[in-house]
Structure formats: C-alpha cells, structure tokens
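Structure first, then comments.
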C-alpha cells in the first residue's frame, strides 16, 4: 500500500487543513471532503493537454472561502470538460451542448478562477444578451455562480436582454469590473441551434487573450508541479483533484462555487438583495440611448426623419435591437411607429436567422424592393445591420453594373445588366420581381452568412436600408443602386465625422482597420494627417489603442464599424452615423429639392480618395487537414519569395505572414494572415477562420486600388478577376481542398 505523504512536507506553511463543514446540505452528502486553503508561490500554471479522472490515485480538496452569513455557498462537484476553447468571440456551441451537466457552469467557474480576485471580489458585473433561447436559464446560472465567487452586485438587463454594444456602454458608464454577454452573434437561435457566452473587461472590451487562454486552461485543469513529489490517495471532496504525476502533481478543478439563492425575477426592474450580494434588473436601453444622444446630433437626424419626402422603416428581425428600435428611432428621432416591424425580441428570432442581409430580412426586403418603397430602411437582428437606401426619385429600374453574391443563391439577370446572387435567391427590381423569391434558408455556421462586400454599386431605386446583426454590433449599408462595402463605409464616416457628428467636432484622434480590410481608410488618415493602425482581425486589438487615446474610428471588412464611445463594434451607431451624414448633407434642402443620396456621397469620396476594389471569397467547411496543408504551403512560399518577382502582370513588393506588435503593451500576435502585396498596391490575403463550428473556413481577400474616376463604376468582380485568378493559382486551393467554387463571395 502506498504511504500517505504529509501535505506540510510538500507545501510548507502556505497550506492549512480545515475540517469539513457540518452542514451536509451544502455539498453532495455522499462525497465527504476536507478543506484546504492555500496561497502558495509554487503555483505556475499547468495545463494538461489530455485529462483523466483518476479515482484510484487522487485526493480532492475544497478551497475554503468566506461568504455572507445569510448567503449559503454550495460546493457543486464537477469534472473538467474538454472542448471549451475560448476565442475573441467567447465560447459558441449548440444549445444541447451548453445544456449538458455543468457545461456552462464549468466555463463560468473557470472564468472566475482565471481572474485576479480583486477584479471581481465585492465588485460590480453586468449581464446581458441577445434574447435567444437558453438566455434566461443561463442568466440564473451565471448570477448564482457569480454570487458564489464573491461578486458584490450584478446589473442585468430586463428579461436578460442587452445588446453587445449596450453591455459595453453600461460597463463603462457604471464603472463595472466587467460583464457577461450571452450571444452567438448572427447564428440562428432555438433549442436545436446556437448559444454563446463571452466576457468583457472593465473598459468594456472583450477579454484579452491572456484571460481567454487561462479560461480554456482552467476548463481542462488548474495545475502546478512540485519537483520529485509523489502523492497517493488522500480523500474525496469538492474543490480540486490532486492527480498523481511522475515527478509531480496536478490540480484539476472539481468544484463549482454556487450561491444557494432563488431564481431572480428578470421581468421587473429593481434591486433584489441576498446578504452582501445584490441583483439589479435595469432598463437595457437607457444608458445606451443617453450615450448615443451625447455622440450624435439627434435634432439633425430628427430633421431628416421628419421630412415629408423621406420615409423610414426598421425591421428588428425579432432580435435584440428590437428593444432599442422604438426608444431611439420613434420616441427620440420622430420616426412613425408603424416604421418598426418585428420589434419584439424572440428566443428563436421568429424562426428566422439573425443575420441582417437581403435574404434573412426578407419581410423588409419585400417592402423596400416593392413599388413605392420607403426612402430609408433598416433591419437588425441585434448584432449587425443592413442599410438599403436611396434618396430622390424612384423612377429608375437600374440595379447597377455589379454583382452581389452570397451563400447558396441563384444568379439572376436584372435591368442594367446587373446580377444578384443571394442566399435563398430573393431578387427584385423596382419594376417587379426578376427572380423567384425563395424562403429556403441554407445551413449557416458561426462565421458565415453576411451578404456580399464586393465593392459593387447596388441597391434598388429610391431605397435605403440598414441591417444590424444578432447582438447589435454589425452594419451593412446600401444606397439606391449602390452597395457600400464595409471598407468604404468606415472610410467615409471617418472623412465626414468632424463635420457631421458632434462627438468628433475636434477631429478623430486616429484611425484603424483590420489587416484584411481594404486600404480606403488608410488614404483618409493620410489626407487628414491622422495616426493610422493596421491590426489583426478581432475587435480586441482596437481596444488597447482606444484606451491609450490613440484611436477614435475603426472598422472591419466583416461588417463591423465603431468608435471609442464603447469598446465593441456597434450596428446602431453605424446607422446613426450614416443618418447623420445624410442629414448633414441635406440640412439646407427644401421640400421638393433632390436630396443628396448614399451613392452621391460615396462617388464624391471616390473622386477625392480613389476607389479600392475589394472582394472576399469564403470556402466554408473545408476539410481541416487540406486547409492547413494549403496554409503550410503558402507559408513555405513566404520563406522562398523575393521582392521583384513577377506574378503574371503583378510585381511582388513583399510577402509575409502578418505579425502585429501592439504599440501600447508590446504584445505580439503572429501568423495573422498571409499577405502578397504588389507594387501597384494590390493585395491578396489568405486566412483560416477561427470561429466556424464545422471544419475550416478558408478566406481569400483581394484588393486593387483605382485612382481613375472613369473606372470607378466598373464591376468589382470584373476589375478584380486577374487578382482572383492569381490567388487561386498561387494557393493551389482546388488541389488542397477539392473545392471548385466558394461558398460565399462578398
């Protein structure tokens, strides 16, 4: 029989044994345990790649903790769970996975174990979500575990609803320690679909990698090694499992700390107290609305929305921004109440898909693309937005010379030689239907579904529409016969912000974009003599720059736009920004005079700065092995290529695997995307997506700058075809992945 090693010989005076509590109701009565409190310098992180529960050679201890006398803290036995890899967007899985025993609870406990105690003990946290299925149940779990870990107070949106941008705003205004966001973004909701959770830090921005990496490690194990130590079986309890290792020991999490309190009524505003812990159910709109009123000139926007020759419509798609639509657009900005549709958030988004585009916002599209449609329409699922717009006459039937391509749909010829390929294939012109309208919705995963960002002119006569994403942070802008790419959108907002938006009356501090986003913003920064930053994909990289006072306006090609008013991208902010630009440009227009349209604003911008043709090809659900081999091949090519080499008609300036060094904290993010940059400014970029739930998504980005105004109305796909062909040839994509065509072209 193995001998028992005295703990004081191993841990010295850092550890103290305590007796088990007499109240057996606080834990599983069949699992007696002893208590171990410790604060040892011998605790470097040890994250085991593979976990095994060792009942024959393990001792389990419960960490002692203090709590309010009136709030009992339960010790819930658990085991490590693999597969909870946490990224920038948190953790996203199917609902049925999150509903597995302790799945969510383990992640929440791992989060608290990852944070310094001073970041939450007796502190204030915010909790909100996009209203999808499982949010209400999850909110109760989060509240109880927060209380069990010593949090002082939680602010939670009524019914558990608060948009992602609003959570960031509340964290900042209330000076909270951080906040939980319950959302799977633009993914569909319901019992058979998706759910997600992420944590934002005290600045309102997503938790940095230093925290998300710890969370993931703690979901697997919390461990340390003590050289030349061998432990045998001690006793069984909640807290940690001490596993016998050759030459050391590892501590695995086996306890969830949970307050024994009743469920909180989230349907009524007010404060509920449980000893030293309290929950306040708040209005999810008020803090965010107050912030928007500080940022924008609401009277200026109201003057546009109240014009008799300007009509507005907003489709909330039964997602989280439904809670914000009436207070902002109707009550404050004077829009007609009838202009808000699908404004009640539903757990399954009304059996719809919370991805605001021309397919999933079908109800709005039918109205906006119909006869005598409104002048400006907006759709939102809570995270993003689509603006389909046009100002002025509706007599035109020209859809523009470009293509708008999204996942799955048919390509249909329209007047003016245009084609639109939409997911599900609902295509109309002003004069009527030019293609069959299908309600079929293809299967979407976490990273897919946004409608095309191809730089094309798009729209339907006399319309403006803006859709926002599932949790309220994305936006897509279109004008009459005009589609504004996200890359152009952020550049145009930045170029006009000082004049049209009071928040920027002193001028932006700096501008930034994600590396794959086109260089349109770079040219604005250069002309305005502003600091400029190119960062990896992920909003968290903007946050450090904002906190350091270096950045005001930023954006991503993936339909995210925002500023330093919060630390998240913000769909409603982008819609209000465009309404501000349009209102500012038309403030002196009298009734009956032709209004300056979205297309007018963009064309003027191109004439000043030049046009960056841009497109993205997504190949979803590729076999991971083939996709990784392709990236490996390209990285090998990076090491062998030299400046001056010819690739068809293009001359290589440089090729690299993008590495970013944060100018604020010096942290380094490597392997962020393979870039081929040519002497004429053209770029080809290859990346693998990290947010898909099935297989790998290969993304190819192509960009070409065109200063010649006479060529600005070219079809983006035509202008970019030589680069697209080169990208497919250089990468050997078909050879490695077997894919003939992309899933999505934007």
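Even glycines carry a Cβ here, placed using N, Cα and C.
Keep in mind that TrEMBL annotations are predicted by a computer and have not been checked by a curator.
What you are looking at is a predicted structure, and each value in this text was computed from that prediction instead of being measured.
Shown for the domain 'Alpha-D-phosphohexomutase alpha/beta/alpha' (84-219): DSSP residue counts in helix, strand and coil, namely 57 helix, 32 strand, 47 coil. The domain 'Alpha-D-phosphohexomutase alpha/beta/alpha' annotation in TrEMBL covers 84-219 (among others).
Per TrEMBL, the feature domain 'Alpha-D-phosphohexomutase alpha/beta/alpha' maps to 287-382 (among others).
TrEMBL lists 487-590 (among others) with the feature domain 'Alpha-D-phosphohexomutase alpha/beta/alpha'.
What TrEMBL lists as region 'Disordered' is 438-462.
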Secondary structure content, the domain 'Alpha-D-phosphohexomutase alpha/beta/alpha' (487-590) (per DSSP, counts of residues): 49 helix, 16 strand, 39 coil
Mean of the pLDDT scores, which run from 0 to 100, over the domain 'Alpha-D-phosphohexomutase alpha/beta/alpha' (287-382): 75
